[in-house]
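Listed features, source TrEMBL:
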REGION    1-20  region 'Disordered'
COMPBIAS  10-20  compositional bias 'Basic residues'
TRANSMEM  77-94  transmembrane segment
TRANSMEM  101-119  transmembrane segment
TRANSMEM  190-214  transmembrane segment
Amino acid sequence: MLMTVPNMHPHPHPHPHHPPHKRLSLVMIEEAALAVPPCKENQDDDKPETAKLFSFLQVLTAVFGSFAHGGNDVSNAIGPLIALWMIYFDGNVLQNSETPIYILLYGGVGISLGLWIWGRRVIQTLGEDLTKVTPSNGFTIEIGAASTVLLASKVGIPISTTHCKVGSIVFVGWVRSRKGVDWGLFRNIILAWLLTLPVTGGLTAAITSILFAACNL
């Protein structure tokens, strides 16, 4: 509430534009504005000591996540190549056959190059655009996603590491702040997932048809 103080100055209006009672009201407004604590734009940020601790722990979870990705993504990438290699050399595909190490290295190098060349775009989408990721919630995201991927790899089920990571990011962001998730971007990601199956299936079928037609010429 603003209060005006009667003019106590011997001169009735020392300033032609701001009479004393208006000048005092303006001063009180400024004082009230200074007394109100500033709005915390980064209220979801970790405290400095928390950020320092989880920044170190997140390095460990990143290693764990990379291990889980290696067990799942490399296998998904080179699975068809290994099947072709076994059919060419052994005439059949047996799960107990040993995979050559150079094929595994080939898959690992390919994934590393892809991350280096194109990975920054996906990193920006998941790490900045979808929701705000801090060291503490980044730690939980890595733990949850990597554990799920590693468990599925152990059972022998090929799952999408991207699905696991996006699910972890969205729900961690939702727990921290329901308005902290870009639901429009999440909707676009879901639509992209739904389009992935028919697009890749149609493209693969077209390539296969072309190869069969070329072989039968």
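The backbone N, Cα and C atoms fix where each Cβ goes, glycine too.
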- Query: In terms of Cβ proximity under 8 Å, which residues at least six beyond the ends of the transmembrane segment (77-94) contact it?
  - Reply: 100, 103-104, 106-107, 110-111, 158
- Residues of the same chain, at least six outside the transmembrane segment (190-214), with any C-beta under 8 angstroms of its C-beta? 163
